[in-house]
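Among the features that TrEMBL reports, region 'Disordered' is placed at 1-31. According to TrEMBL, the compositional bias 'Polar residues' annotation covers 1-12. Per TrEMBL, S-adenosyl-L-methionine binding site is recorded for Thr86, Asp106, Asp134, Ser135.
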Amino acid sequence: MVSSATETQNQHPKLDPGALDSGAVDSGTVDKSGTRVREMFRQIAPRYDAMNHLLSLSVDRYWRWRTVRMLRLDSDEPVLDTCTGTGDLAIAIAKKAPSLKIIGSDFCYAMLEIACRKRRLQTASESIEFIEADSQALPFADDSFQCVTVAFGLRNVTDTDRGLGEMRRVCTPGGQVVVLEFSRPRLIGLRQAYGFYFSHVLPRIGQWFARNDKSAYKYLPESVGQFPDGQALADRMTAAGLTDVRFTPLTFGVATIYRGTKPKEA
């Protein structure tokens, strides 16, 4: 069952889906409005997981595994996975720490329905809850989670800085904010090959496999190309109020894990 919302953010509200459409596009020309992004993911939701594993040759599983290994889970406080999509990272965290309460939030109900089915099939843990919510106005009180994560979702948020600010807000002092996101390889040659695959091959495969117009998989390279990565994203996390921000490139820089800490109160 998917939960959804309606009160003030300090009382576990459930959001009005219409609120998701506000805000300007973060940068560039990619349309990241809530309406467009939600509808795009609604259309591709039934084949989203199979498509991801195919296009990444299942390396995305390894990337999530590495991310979970970097989480600092040293208290009984819950964990939030925002932009959870079909719940892969939330489920992976639950497998590592089955006694912890895990909440996965996303603004696309169709993706969350799949996450709920996967939860029943992939883990015996009953500690995972999926909630329909906007990552730019999370319906949780300040200092609620020992760790706040997002995997391949931050670049889809209309306002990146607002999304990071919300992740920091709901994280406990001393807790972690962890981002797994696509990035651009630095090696000459590999960077060009990666760009060609993302721009020309991936959209065509996506169109055929997902039986959808190729705009969803055309959006992927465009959004990755215009999203900050490496030190640029680390700087955005620092500007959002996180400290000790570090990043670890994976698979020659095709993806990167970013980690920051919310400062402890003085």
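Backbone N, Cα and C atoms are what each Cβ position is placed from, and that goes for glycine too.
Nobody curates TrEMBL annotations by hand; they come from automatic prediction.
Same-chain residues at least 6 positions away in sequence with a Cβ under 8 Å from that of Asp106 (S-adenosyl-L-methionine binding site) are, in sequence order, Thr82, Cys83, Thr84, Gly85, Leu112, Ala115, Phe130, Glu132, Ala133, Gly153. Site extent for S-adenosyl-L-methionine: the farthest pair of Cα atoms among Thr86, Asp106, Asp134, Ser135 sits 15 Å apart. Shown in sequence order, Ala45, Tyr48, Asp49, Met111, Ile114, Ala115, Lys118 are the residues of the chain, 6+ apart in sequence, with a C-beta less than 8 angstroms from the C-beta of Thr86 (S-adenosyl-L-methionine binding site). DSSP assigns Asp106 (S-adenosyl-L-methionine binding site) to a strand in the three-state reduction.
For Asp134 (S-adenosyl-L-methionine binding site), the count of additional Cβ atoms within 10 Å of its Cβ stands at 26 [all protein chains shown]. Cβ-based neighbour count (10 Å, all protein chains) for Ser135 (S-adenosyl-L-methionine binding site) stands at 25.
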